[in-house]
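What follows is a set of notes on a single structure, which appears directly below.
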Amino acid sequence: MSVREDLRDALADERRVPRPPEPAAMVIFGASGDLTARKLVPALYDLAAARRLPMGFAVVGVSRTKMSHEQFRERLRGSLERHRPQNFSEEVWESFSRSLFYLPGDSRLPETYEELRDFLKRLDAERGTGGNRIFYLASSPSLFAPTVGRLGEAGLSREEDGSYVRLVVEKPFGRDLESARRLNADLLRHFREDQIYRIDHYLGKETVQNILALRFANGIFEPVWNQHYVDHVQITVAEDIGIEGRGAFYEEAGALRDIVQNHMMQLLCLTAMEPPVAFDAEPVRDEKVKVLSAVRPLPEERVEEVAVRGQYGRGWIWGEEVAGYREEEGVSPDSTTETYAALKLYIDNWRWAGVPFYVRTGKRLPKKVTEIAIRFKPTPHTPFARAAGAEPNVLVIRIQPEEGISLKIGAKIPGAGFEVGSVNMDLLYGTAFLEEVPEAYQRLLLDLMLGDATLFIRADEAEAAWSILDPVLRAWSEARDVPAYPAGSWGPEEAEELLRRDGRRWRRP
Ligand SMILES: NC(=O)C1=CN([C@@H]2O[C@H](COP(=O)(O)OP(=O)(O)OC[C@H]3O[C@@H](n4cnc5c(N)ncnc54)[C@H](OP(=O)(O)O)[C@@H]3O)[C@@H](O)[C@H]2O)C=CC1
Ligand SMILES: O=C1O[C@H](COP(=O)(O)O)[C@@H](O)[C@H](O)[C@H]1O
């Protein structure tokens, strides 16, 4: 191999393996909670196993439960062993666990922050965390603003001597446009926008990022990715699980707030946006905001024409009988919270004029599947007979499971005569590359430490997503009846009708 080739390969490797993050202390508010144990600490552990954490790194957990550092570590070890026994290594844990610390405290009280400030200073001196701080809001959303207020008052949001301070905000980001605006204003009182990382774990999924690669790293899709060729788009986030013991949370949220406002709006943006000039935070987020701003406002007084909701009743999933939503723990017996939502959206811009985007999500549907299906227009004329069930081209981007891409094309059915049927060309993402696919939180936490906000939500983006849904939220808050659907079905009959009116039907993924 020539020196020139050696150099080329070394540069390519450098681009693929990002630079290591700077030393830092990550403070997690809500450290005794579910998210910390199931997602955040396992993701940090995976980064440690992959040697992606800096030498001077520490986690400081904060919540009210009284625990010592050692008890905190034992609790997290138990969770790692329980949830991912195959990934657990005693050696990695031994060194990683030494970077875990715990500080009992109420995040509403100023004294918690005095103790925290002193503790962080000690970590800088003893563990080499370098004065860099990440504050992760993983407690209940009602504590987001008060916690940020206290951080600001304690001077902990201020950056000193070339060090950074970053703030991570979990979902849900508000519960409507007004509360999201208020929350943004509360955060921006103490942190600059470029210090704030609003998280949506869908953006950490490799297959979600792959939407951009598919669209903008291939020349063949872009020319047909518009209203000249696309008949309509269907985005589905279906779950077979119910609310998994989160009744109190879900009663306040519902499908629209829990999934549509964040994950589905992100999928919509990545599918519909214009090519960004660079894969950097501002250009990517500018393009997403343009899509959200171009979504035609939904008419509050005629919401039923464009939006359908539903609530699951008793039914069968994978051969097992399951309870209805109103029978779940923490749910009111006359609850009107939606566990299913479907919308018809238009993006009024040059590329998408007149193309409907149908989006749907639901709990207790027949299977877990997230996909984006681009349905192309039929050919203007066909000289062949079409077999029953033959369809125009459909490009399906499968986000999960069986991650990959499938293109439905017309092909001659073997034999005498000339009849055309539909066949699928499938690419399975998992078999195409040898690399292990990182968990969404692993990717996002690494980007956060590297200061790359491309896969995080900007303030105006969160508000633009809420402003699309606000009319539906208002209309649904007044309606008394929610159409029921049996668990294990594809949702209420009204959702079928939404597409039937347009001469279309939902896919059965
Ligand atoms: N769990 C998940 O899979 C996901 C969660 N999220 C979001 O993450 C956040 C946390 O969710 P989750 O972990 O499930 O919630 P939990 O109810 O499991 O945890 C809440 C945490 O907040 C702490 N807490 C509550 N009040 C205070 C207080 N006054 N001061 C300090 N700590 C307090 C609790 O600890 P203590 O009682 O000891 O004080 C606990 O550690 C929420 O915003 C949620 O929407 C987002 C995506 C997925
Ligand atoms: O944010 C949430 O997402 C999960 C679904 O995430 P996925 O990665 O499993 O697709 C959903 O179950 C939960 O209700 C919601 O809060």
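Cβ coordinates are placed from backbone N, Cα and C, and glycine is handled just like the others.
Any TrEMBL annotation is an automated prediction that lacks curation.
Site annotation for substrate in TrEMBL covers H201, K205, D258, K363, K368, and the matching candidate from E222, E239, E274 is E239.
Long-range neighbours of K171 (NADP(+) binding site) (same chain, six or more residues apart, CB within less than 8 Å of its CB): R198, I199, D200, N262.
Put simply, of the binding-site residues R64, K205, E239, K363, K368, the one whose Cα is nearest the Cα of H263 (active site, proton acceptor) is K205.
Close to ligand 2, meaning a Cβ under 6 Å from one of its atoms, are these of the binding-site residues R64, K205, D258, K363, K368: D258. In this structure, the C-alpha atom of K363 (substrate binding site) lies 32 angstrom from that of R64 (NADP(+) binding site).
Candidate recorded positions: K171, K205, E239, H263, K368. Those with a Cβ under 6 Å from ligand 1, in sequence order, are K171. In this structure, of the recorded positions R64, H201, H263, the smallest number of CB atoms within 10 A of the CB marks R64.
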